[in-house]
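Peer 1: Straight out of TrEMBL:
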type	residues	note
BINDING	23, 24, 25, 26, 27, 28, 29, 30, 69, 126, 127, 128, 129	GTP binding site
BINDING	30, 47	Mg(2+) binding site
């Protein structure tokens, strides 16, 4: 029994993947990452600039760069794309038509960016629990 416990060696290292998480302010990026990290999402404050969170899963670790979604910050998003292996795009499915159009434009811009165009994208239509939320087809 002792030999089985002590001589196994360290557990194998989990692979790490670098992702970028983008979306407009208020879309729920910070809340999403807080939930994935089992942190409280009650006192979440919008990200100004960027933050990095390591999201642990059983078989891998996702290192997620969350980029603030304010208008004056979005123009700098592309400076943080290098080295990314995937993209999480979060949009507020209950937002105004203008914000949804802005989200659409930002998503298309990201899909066409040379550093992102070949990467896998997860597009998350957040806030589905709100009365004004659009369906997946509407988004």
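Every residue gets a Cβ built from N, Cα and C, even glycine.
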Peer 1: Measuring CB to CB from residue 127 (GTP binding site), give everything in the same chain under 8 Å that is also at least six residues away in sequence.
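Peer 2: Spatial neighbours, sequence-distant, of residue 127 (GTP binding site): 27, 28, 92, 93, 94, 95, 133.
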Peer 1: At a 10 Å cut-off from the C-beta of residue 129 (GTP binding site), count the other C-beta atoms across all protein chains.
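Peer 2: I get 8 for this one.
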Peer 1: I'd like to know which of the binding-site residues 23, 25, 29, 69, 129 sit within 10 A of residue 47 (Mg(2+) binding site) at the Cα level.
Peer 2: 25, 29, 69
Peer 1: For residue 129 (GTP binding site) and residue 30 (Mg(2+) binding site), determine the Cα separation and express it in whole Å.
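Peer 2: Rounded to the nearest whole number, the Cα-Cα distance is 17 Å.
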Peer 1: Among 25, 30, the binding-site residues in question, whose Cβ has the most other Cβ atoms within 10 Å in this structure?
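Peer 2: Top count of Cβ atoms within 10 Å goes to 30.
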